[in-house]
Structure formats: structure tokens, C-alpha cells
Amino acid sequence: MTTAHILGFPRIGAQRELKFALERYWRDGASADAERALVDTGRALRAEHWRIERDAGLDCVTVGDFAWYDHVLTTLAHVGGLPRRFGFDARALTLADYFAAARGNAAQPAMEMTKWFDTNYHYLVPEYSPATTFGPGVEWLFDEVREARALGYRAKAALVGPLTLLWLGKARDGLVERLALLPRLVPAYRALLARLREAGVDWVQIEEPIFSLDLPDAWRDAARPTYEALAPGAPKLLVATYFDDASEHAALLKALPVAGLHIDLVRADAQLDAFVADYPADKVLSCGIVDGRNVWRNDLDRSLARLAPVRDALGERLWVATSCSLLHVPVDLAHEPRLDEELKTWLAFAAQKTREVAALRDALVKGRAAVAAEFDDAAAAAAARRTSARIHNPLVKRRVAALTDADARRASAYSVRAAAQRARFGLPLLPTTTIGSFPQTPEIRRARAAFKQGVLDHLGYLEAMREQVRIAIDKQLAYGLDVLVHGEAERNDMVEYFGELLWGFAITSNGWVQSYGSRCVKPPLVYGDVYLPEPMTVGWASYAQSLSAKPVKGMLTGPVTMLQWSFVRDDQPRATTALQIALALRQETLDLEKAGIGMIQIDEPALREGLPLKARERAAYLDWAVRAFGIAASGVADDTQIHTHMCYSEFGDILPSIAALDADVISIETTRSNMELLDAFETFDYPNEIGPGVYDIHSPRVPDADEIERLILLALERIPAQRLWVNPDCGLKTREWRQVDAALAAMVDAAKRVRQKVEEEAPA
């Protein structure tokens, strides 16, 4: 019979139980009582998630999708591969050890974090050296198998695959090629798989998403010998790809000695034909047709029509699944009592998606009539969504259609604008500023909570936030900063804040997803055409500007970042939605300019994150991303200065696109790289002004003026003084005022010192 399964379920719990248990554990110093409470929370969450999967009608539950912090770190713990610098005993690894690797300890910094492929989830980056070894590790996966079996469930285990585990890591200490470690890693996997078989596990989902990438030949060539070594003595192996098209590797994957393959039909529907053609008779094909990365309800009839020919070709060897793990979506729509009822009918969170998978299985096996009520309801919701006036705004569509190339370009070249801006603002050499946000203090959080709970009225809330703006301006004047910001006290999140004010966005009450560890985010929903009904930031910026003669920057989140950090409608191209957001932001920039705000910062920290996994698709993405920024930024006069901020670890491959944004000033995160990131800008001969970060805001450590002066001098080796700004790496919302006070005072002092040196050395 056709099998229904999911690749994984969210870990955090419907009420973020894991988040709060982790934070209690860390706060209580990892005491024995705190550890027992954390372990109990994890066990209860797993049992609840398996119950949801069973009640939905899935044929098996997934174990191994749970992780205390991150599934890549947990996989390393299973195969004894945590970084050697921590000195942990792999077989006796404790939770405290595990969290030390994730968060650092007194002796060692934390492992690096980066984005999981093109998602907004962060994984901990494995560290590989010539001395890296693998072997038996923790028992956690086997504990989960025993828990599931004790509850009467048929368990399918999930593991990150060995090739992906190596690919995701970084080579250190002279290691030339990560693949050189494969002969050491494969035996550890083989032993782990053999033990799973002994534990009664029939199937292991072994995840190799790197087969959705443009893989070098050496990595492709490693696949067959790896799985020839793993298959004997293992349970049945289901090799899972997801996030993009794996069809260029279809022949290779179909030839692997495994029991099945999984492909993502949401991100890459066209690859199905390449896999079904000549599909081996000894393999199942798991079709990921329910979206694991977005929140929209499945069009069950459309999915059934897509799967029916596959069922006819493969029979019971067709499996129905989510496209990827449900880690990336909220847990349960039932916990959204305040969300608009019509909008709710268009949505499916993790709990609902498990049922969609099972319903499709039932229709394939028993016929649509067996699940007619569910299918009819889904069809009605899809029809309503297609025609809803709430989604389709003719005015917005006309405005997008009327856009021209000129709308995405400033009226004058940078050199002309720079002269106009120098005349308007009269800033000193090496002007000092910050990136935007200041500490979100307990007072701010209490006022926001009281306002949301109805305890504090609107006027009371406005006055509380205005007081925070006054504090921020007074402090910046005391530091001696040249360009000020209002501090963003009123913003709970740089995307959600705007989502609450733009038409076409909706905000959930409990739509949390895990970003990393205990960090959760609540992405807005972009459900319809985006429109700006009234100014969003003008009041705050104008009030701040009224408190000082120095320029105050208006602060906006850019269109691509708004898109990347939201759940975006799937009924039109993302590029179209980006242009709609850009038009709304364009109106906001014009409103700010009209109110006398002469500097406007449009942040795009997610521009690089949006790059498609396939190289052939990146140029098209960068074209519309740059155009969207241009639409947002280009309506203003020459003497209005546009800033942007980006925080990446590498810029080289997208520098032409960054230059094409044509922002007057770009600030970037460079402190940890010791200004080496500026090398790419120097080589490229970046033409506009740059503010390389000189203060690492991600650390509680406060730099002194000498340290910051050294960094400014390093920056001057690469960037002319006339185009150099001085600023922190990023926003300061996560820091404490005592840290900010000391660091920014030191930054201004350092800038003044270097300014004096440059002016003294300038030819008379």
C-alpha cells in the first residue's frame, strides 16, 4: 500500500516549550534538576509530536528529527565528530558538553553558525582537520527509538547523510579536502545503521540535500562507493533530497544500492519525469508534494492529479510526503485564535500538513470519494483564495505594471549626488553613526506587553516610546555621533513591525519557527497584494529629528529582506511580490523626505540569503532583487542620502550586484574578519561610500578606542578617507546600555583621533 510519511516535525513545541526549557536549563547553570526538567520536556514533546503524526494517519512516525539545539550538531554527536578542540569524550558526551559546543564555554568559542541551505534555519558548522576521527557517540537516537516503540509506533529514523555532513563542514588546520575524511566517517555510519536495524528500525531516511546543488565531480563520484559500503547490514535506506532540482543526478541516485529515494516536488516539480522514467523496480519513490517550507494549504485535487500517474507507474512503491522537514513551519494552526477566519482557511501549519499527506495517500489508495469532504473543503478554499478581493488589489497591479527601468535608478550619478549631500550635511571626514537599533530594555518590553494586553492605552504607549527616543537621542549627542538614529524602541522585529502596518501582510499570534537553538522567529504572512495605507515611520523619525540639529536617519527594512523573512504567497512570482513591497517602501521614503528626513537607510541583510541554490538561476534573482531595491530607493532627490546595511561573511560573488544597488552609503559587518572583507571592495573598486563595522556587537565584550583606531586605520588602507564611515557591525538591540555607552564613546574617540591624523597628513 502507498505509504504516507513526513521528513520531520518541528521540535520547539506548540507553545515553544523547548525554547523555555532550554533557557531555564542554561539560566539554572545546567543543574541536575534543570537537566531532568529539560529531558522530561524533550520526551513529552516527542510523544506529542508522534501522537499528532499517528492521529493524522501517517504510516510511521519519524524519530531522529528532534534535536536539543541543532540536528547537524546532533548528527555529529551520533558519530563522535564534535570538534576536537573541546576535548570531549564522544561516547560519554553530556548535554552540558553538547551545549558548550553550540554556545561556547570559558575555554573555547562556540562553533560557527550559518544558514541551512537557502532557509532561515541556522546549523552549526562541523569543523574538520587532519586529526578528525569518528566513532561511536551518544545514545540519544536509540533512546528515541525505544520511546517510540514503547508507545506502539512504527518508527522511521532520520539522519543527515555522510556526504552532506562533510559538505556542510569547514576544513581547518591544513586539511585540504573534506572528502579525505570519508573513509573514517563511513564506518561510524555503518555501525550506527547496524545498531538501528538491531533496534527494530525498518527504514532510515538518510538526508543528502547536497544532491540538489551543483556538485563537483569528486562529490558525485563518492556517492556510489559510500552507499555500497553503508547498505549491507543496514535497515532499508531512503536517500532524501530536497530544496531544489536533483534531476541532473537522477541516474546516479537511481543506481545507488538503496531501497528508495525522496524528491522535492514543491521546489522542483519538473524533476519528477526524470526520476519516474526507468525507475528501478526495487526502489520506492517518495514524492514531497506537501510544502514543508511555506504555510499555504495544499490544493489536494491538483496534487492528486500529479501523483496519480506515478501511482499507475509504481503502484505501492509510491510514497507520499512533505517536500522537506516541517521544521520550517509553525506547529499548529489551532493555536491562532485571533487570526482572521477566512485567512485561516487558506493555511496549513505542521499538524495540518501531516493530515494533507495522509489524505493524499487515502485518495490514491481508496479513491477521492473516501476523502471527498477534505478534498472538497480544500478545493473551496483554493477557489476562494484565487478570487478574493483581499488578495487582489487592482491599484497595486496597475502600479507594478507601470514601472519603468528609470523608476529603479537615481536621477543622477553618485558623484553628482555626493556633492549635493556634502553641501547639505557638511559632515566631517570619517563621519560616525550606528546601524539603527538600540537596546530593547526591560522597560521597553514591559510597555509593549502592557499595550498588547490592553493595560496601557495607545497614547500611554506612544509617550513611553517617545521617552525611549529621547533617551536614545540624548545618548548619541553625548557620545558625539555625527549622524543619529531614533533607536527603534517601537519595533519588536525589523520585519514584523512593517508587516503589521502594510496591507497584504498578516501577523500570527503563535506562528513561531526555530531559527537556531532556543531562538525562534515569527515570520509574517504575505497573503495578498502589498499596499501602504499610511506612513509607517515618519512620525518616529520626525520626532527624533526635532530633538537635534544633527541629521537623523529614517530606518526601513528592504524589500528582499521583507520577502526572505516572511511566509510569501505562492500564487505569483516572488519577483512580483518584491516589487509590490518595493513600491510601498518607495512611498515611505518619499514621505520621509517630505517630512525633512535627509538620510534614509534601507536595510538588506537578506539579499545574499536569497541566492538560489543553482548557479544558473542566480543572475535572474539578482536582477529582480537589485531592481526592487532601486524601486524603493530611487524616488528621492540628489541631496537625500540613501544608506543600506548588509551583514555577510563573504561578498565577492555578488559585489557587482551590491554596486548596482547604488546606495550612497553601505555599512557592512567586518570586525571579526579584521577588515579583510574590505579586500573584495578594494579589488572591485567599489565607487560609493562604505562604513565597515569597527565594533563587534555580537559579543558582550567592549572594545577600547585603541582597538577601534587600529581597525579604522586598516580600513583606510583599502578605502579612501573621503568615502569611509565609522560605525558598529550591526544594530545594538541585543546589547545592554552600559556596553553601548562605553563602546560608542570609544568609537567616536577613535574616529576623532584618526580624523586628526588624516587631516594633519593631508597636503596643504
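Placement of Cβ uses the backbone N, Cα and C atoms for every residue, glycine included.
Long-range Cβ neighbours of GLU609 (5-methyltetrahydropteroyltri-L-glutamate binding site) (same chain, at least 6 residues apart, Cβ-Cβ under 8 Å): LYS115, ASP118, ASN120, GLN564. Secondary structure at GLU609 (5-methyltetrahydropteroyltri-L-glutamate binding site), as computed by DSSP, is coil. Here Swiss-Prot flags ARG16, GLU17, LEU18, LYS19, LYS115, ARG519, CYS520, TRP565, GLU609 as 5-methyltetrahydropteroyltri-L-glutamate binding site.
The feature L-homocysteine binding site is assigned by Swiss-Prot to ILE435, GLY436, SER437, GLU488, ASP603, with sequence analysis given as support. Around the Cβ of ILE435 (L-homocysteine binding site), the same chain contributes VAL485, GLN601, ASP603, HIS645, SER667, ASN727, PRO728, ASP729, CYS730, GLY731, LEU732, each under 8 angstroms and 6 or more positions distant in sequence.
The L-methionine binding site annotation in Swiss-Prot covers ILE435, GLY436, SER437, GLU488, ASP603.
In the three-state DSSP classification, HIS645 (Zn(2+) binding site) falls within a strand. Of all the Cβ atoms in the protein chains shown, 27 others lie within 10 Å of the Cβ of HIS645 (Zn(2+) binding site). Summarising the annotation, Swiss-Prot assigns Zn(2+) binding site to HIS645, CYS647, GLU669, CYS730 and lists sequence analysis as the type of evidence.
HIS698 (active site, proton donor) falls within neither a helix nor a strand when secondary structure is assigned with DSSP, and so counts as coil. Look at Swiss-Prot and you will find HIS698 tagged as active site, proton donor, backed by sequence analysis.
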- Note on the structure: The rounded CA-CA distance in Å from GLU669 (Zn(2+) binding site) to HIS698 (active site, proton donor) is 11
- Compared by Cα position, which of the binding-site residues ARG16, LEU18, SER437, GLU488, CYS520 is the closest one to HIS698 (active site, proton donor)? SER437
- Item | Fewest-neighbour residue among binding-site residues, criterion Cβ within 10 Å, set LEU18, CYS520, CYS647, CYS730 | CYS520
- Rounded Cα distance in angstrom between GLU488 (L-homocysteine binding site) and CYS647 (Zn(2+) binding site) is 19
- Query: Around the Zn(2+) site (HIS645, CYS647, GLU669, CYS730), what further same-chain residues have their C-beta within 8 angstroms of the site's C-beta centre?
  - Reply: ILE435, PRO605, MET646, SER667, ILE668, GLY693, ASP729, GLY731
- Excluding ILE435, GLY436, SER437, GLU488, ASP603, which residues of the same chain place their Cβ within 8 Å of the centroid of the Cβ atoms of the recorded L-methionine site? THR434, VAL485, MET494, MET555, GLN601, HIS645, CYS730, GLY731, LYS733
- In sequence order, what residues of the same chain, 6+ apart, have a Cβ less than 8 Å from the Cβ of GLY436 (L-homocysteine binding site)? VAL485, GLY487, GLU488, LYS553, MET555, GLN601, ASP603, HIS645, GLY731
- Message: Counting only residues 6+ away in sequence within the same chain, which have a CB under 8 Å from the CB of ARG16 (5-methyltetrahydropteroyltri-L-glutamate binding site)?
- Response: TRP512, CYS520
